Structures are given as C-alpha cells and as structure tokens.
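Here is what TrEMBL says about this protein:
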{"type": "TRANSMEM", "residues": "15-33", "note": "transmembrane segment"}
{"type": "TRANSMEM", "residues": "100-119", "note": "transmembrane segment"}
{"type": "TRANSMEM", "residues": "125-142", "note": "transmembrane segment"}
{"type": "TRANSMEM", "residues": "149-169", "note": "transmembrane segment"}
{"type": "TRANSMEM", "residues": "175-205", "note": "transmembrane segment"}
{"type": "TRANSMEM", "residues": "212-229", "note": "transmembrane segment"}
{"type": "TRANSMEM", "residues": "249-265", "note": "transmembrane segment"}
{"type": "TRANSMEM", "residues": "272-290", "note": "transmembrane segment"}
{"type": "TRANSMEM", "residues": "310-330", "note": "transmembrane segment"}
{"type": "TRANSMEM", "residues": "350-367", "note": "transmembrane segment"}
{"type": "TRANSMEM", "residues": "373-392", "note": "transmembrane segment"}
Amino acid sequence: MAFPSPISNSLLKQTWLAVLLCMLPIGLYFGIFAELALNVNYVAFDDILILGVIPGFEEASWLERWQRLTDPFPEHRLIFSRSLVLASYYLFGKVNLVSLMVIGNLCWLGCAGVFYAVFRRLKLSLWYFVPIVWIWFTIHSFENMFWGVSSLCNFGVLFFAMLAFYFATYAPDRLFVALLFALLATYSYGNGIVVFAIIAILLWITGRRKDFFITVGVTIVVGVIYFAGFPQKTDSLDISDMQQVKEGIAGFFGFIGSIAALDAYTTDPIPLALTVGAGILIIITFLLLLRRKLLPLFHALVGRPLPLSPMGQFALAIFIFIAITSFAVVYKRIPLGGFESLFKGRYRMYTALALVALHFGALAWLLPARRRMWAIVAIPFTIILNLAILYVNFAVAVNSRRAAIIQEFNTRYNADWLGLSMFEMDQAHFEKIRSYYQSADPLAEGWNPRAATTTLPCVGNYPLDTLFQYKEAIHAYAMKNFVEAEKNYTDGPYMLLKSATHVYASAPDQFAVPLQTFLRRLRYFARGFEGSFHQDTVEPGVYKIYVLIRQDGKNKLYCTGREWVEE
C-alpha cells in the first residue's frame, strides 16, 4: 500500500527504500555489538554473583535448586538468567558471557518483531514503521547490550512483557499464553510481575469479566509464591521528606524522558533538566492522543466496557507498564542516590519504549491526514535522534568495555581490591567463578603484573602532560598522540600504577571529536586520553606510573618518569 503523503509519492511508494531504512539501524546496532561485545565481567560484579548459582547446583536437592534459582537479587527473582547460565554451563562446560549477551539482544530484536506484528494489523505502508525501528535500535541502552546478566534480565523482561500484551490484546481466546509470558516476565526481572496487573486492567476496561477474574486469581497465586520469604524492606522514598518528594516527582518524568539527555551517563544538570521536560511532553502528548477515550476510560473503570482497538490497548498497556516502572524505580532509587541515580544507562530502554507507545498511539488514534503528518515528522526526527545518540555514546561505550577489562585486571592482581569487599567476596571466589566463563587477560600479556618491584621493562618513554589529584581521584592526561584500535577495542592506551605489592590499571577515557571535525576528517576519536584512579581503591604506597599501549592485540610498556605517593 502506498504511503499517502503530500511529499514525493513517487519516492515513498518505493517499498524497497522503506525496507532499507528499516534494516539500516538494525545493521548498525548489531555491527556495534559485534565490535564491542567481550567475554568479560561487567564493571559491577553482578555477573559474578549470578554465576554463583553454578557451584554445588548439581549436588543440591530439588528444593535447594529451586531456592537457588529464585534467590532474590536484590528484589528480583532471576530464574530466566540463572537458568540460561546453568544450561550454558552444563551443555558446553563453560559460560560464554557473549552468548548470554547475544540471547539478551535477540530478545531486544524480538521486541521489534512483536512491534511489527502489531503494526501490520493496521495494513499501513511500511514507511509508518520506519520510526519505530530507528528509535528502538539506538545504542542508548548499551549497558544492557554488553552486560551478560543485564542483557538477559532487562531485555528479557521487555520481550516477555511485549508478548504478553500482544496475546492479551490480539488473541483474546488465548489468555493462557498471555499469562504464561507474564509469568516469564515476572521471573526475568522484578517489574515483570506488574504485567499481570496490566493485563487485568485491560480485561476489566474492555468488559472481559471472566478472563479478568481468572487473571486476578492467577496473579494472587503468583504473587504469594513470588513474595514468600522476600528480604526485609530496604530504604524507600520518604513522603515526609519534601526534598525526596521533589526529586521523586522530577525523577518520574525524567526517567520517562531520559532520551533527551543524549549522553547515557551524563550528570550535567542542563541535559537532566531536559529529560524532565521531555518526560512531561511525552505524557501530555500521549494523553492528547488518547483524549477522546479518556472519559470512556473512566466509565470503563466502573463497569462500562471501553471500545478500544487492539493497537490502542497495546499502546495503553505499554504506557501503564512504563509509568509503574518509573514509579517503582523512583520509589527505590531516590533514597539511595537522589535524582541523578535514575539515569543509569540500563534504564534508557524505557524512554525508547515510551516513544514506541507514543507512535502506536498516533497510528491508532489519529485521523489519516494527521497520521500522515505525524509520520512525515517522525521519520527524519527518529533517524537524526538515533545517529546523534550513536555519535555521543560510541566513545562512552568503548570506554565502558575497557573499564570492564581493567576491573578484572585489578581484581586478579590485588587481593585487597575494594570491589571484592564491596560485593562480599574474596579473590579465590572470584577466580573460581571466572573459571566458568574463562575470560581473557589481555592487559597481562607479555609482562608479569605480580612482579614484586616498581620497575618494569619499558620500550620507550611516554610523557604525561598533567598529573594531579581532584575530587578524591588521581588524574593523568597524555594528549599529544592519536591511539587507534587496530585488532579490536581491547586495543588502546591504559595507565598503570605499580608498587612492589600492588598494580592498578586505569581504562583510557577517550573522547569524540566535535561533530564538524568528524564530518570533515572522518576521524571519530580525539587526540590523547585520560587515566584516572579513585583513591579509595589505591592502597598506600609509592607507585611508578606507566602507560601500556595495546595495539593490534600486543602490549607495549612505556615509562612516564612520574611517581605517585598514596598516603
């Protein structure tokens, strides 16, 4: 069917071009995944903790196995991810974290498949689907892309939730399938349990009373099992603390609109303020699209069935899911880290989902002429947004992958590494779990990090521009040379602190050049790099500073002539 538009119908009738535009962001997304995915524990130790299900599982009783599979983490019961970890180990004799990431990212791709299944029911031109693909396959949530456990948990819960909503709205005679996927969502991540409640809401407002009571009954049974033996209540938002309430309200909107802060890890107050405005705008726009259904919706709550199309139900279900998730994250995170703690990279998938729901709402509720204008604006907007997010975040994603490498390095070669005590484990336990996924140790190749000396063999000198202390961290800059990745993105410049008893590595912070420079020179990374060490992680001592350059998969050590005394 042709895309009805006042602009160049001859162009927009070309379905092959729409197909190409749909494939491009998917190709970019998985191309970046292939470049950056590493079989390495993420910066946090969550992968290590989840792989802790393996030791002793085979010898455990069936009850003990169930308890280990459902052990809260911290309030999530991660049966989906733990089951895949165990299946991988018993099938292949080890756990490849990249394989877990692949499964997680296939869940992300599967969500797009569900979106297409919903979209095709409208029998519109494929051009109307183009914005969904570009908004969905950004790398804004790269933390989930490259974190084995997080990939399974966060992408898994969305995949099962989308399937549950699809069957609840488009296959009313197969309620049991929707409830099955709701159960899988529940045991993928904590917010998955609200899928049951959302399905119940949909059934009630659309007049499916029998299915509603069945769903409520199943929800009660699942809830009793899920919350049995739940850990003690942790800190949560205190409504008597007005500062927390203010941050909570701002955080609710900022969580939904976080795509407005292009940088996935920014703490700059201006972009974070933009996220609040964007969240408010997204919600207002959705309510405006739904305005003709708002009064009937309220009537439906008291018993009068609401005539709502399946696509409208699907969009509404997604939006309720996002709103509840946003509230839950605000409720738990505000006391722990305040407003800024709501902008972790892995949460960014919900703002993309909000825009998908918004687009489905427009397709379902706008009149054809306005729907055409919506698409005309949405196509270039989502393409530009996707590419802007890619440009801003690619360097951050590369730096993050290298940070995972140095986290393992520092853990392996420092028995008193702070991260071990923070996660209540010792080095022997870490090495035992690491043996299950058998990660490489690229920074240790060609030299001995355990050498009881401050002097390492250098192939030359690499002068630092500056070395200073700032905000409880040691910072060093070397800004004269370009250091390009050749073999893969383990290549790069790393800073080392070496004493007779300790060795610490710092991942390089490399930066993107300004956009105009990138377009003119087709060079993405700027000259030079920064290394930094948080002083809480560095034991007292006298350290010599080295630069380790890894190029084409080979390490070279350079002396800097600098020392650091940590007291």
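Yeah, the Cβs are placed from backbone N, Cα and C, and that goes for glycine too.
TrEMBL annotations: computationally assigned, not manually curated.
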Long-range neighbours of the transmembrane segment (15-33), counting only residues six or more past its ends (CB under 8 A):
3, 101, 105, 109, 112, 125-127, 129-130, 133-134, 136-139, 142, 145-146, 379, 383, 386, 390, 394, 397
Hey, does the transmembrane segment (149-169) touch the transmembrane segment (373-392), meaning at least 3 C-beta pairs closer than 8 angstroms, sequence gap 6 or more?
no
Of the listed stretches 100-119, 125-142, 212-229, 272-290, 350-367, which one has the most C-beta pairs under 8 A with the transmembrane segment (249-265)?
272-290
Contact count check, CB pairs under 8 angstroms to the transmembrane segment (212-229), set 125-142, 175-205, 350-367; argmax is 175-205
What stretch of 125-142, 272-290, 310-330, 350-367 shows the most Cβ pairs under 8 Å to the transmembrane segment (149-169)?
310-330
Establish whether the number of Cβ pairs under 8 Å between the transmembrane segment (125-142) and the transmembrane segment (350-367) reaches at least three, counting only pairs separated by 6 or more residues.
yes
Please give the sequence-distant neighbours of the transmembrane segment (350-367): residues at least 6 beyond its ends with Cβ less than 8 Å from one of its Cβ atoms.
115, 118-119, 122, 124, 128, 131-132, 135-136, 138, 140-141, 158, 255-259, 278-279, 282, 285-286, 289-290, 292-293, 309, 311-312, 314-316, 318-319, 321-322, 325-326, 374, 378, 382
Do any residues of this chain, six or more beyond the ends of the transmembrane segment (272-290), have a C-beta under 8 angstroms from a C-beta of it, and if so which?
250, 252-261, 266, 297, 316, 319, 339-340, 343, 351, 354-355, 357-358, 361-362, 365-366
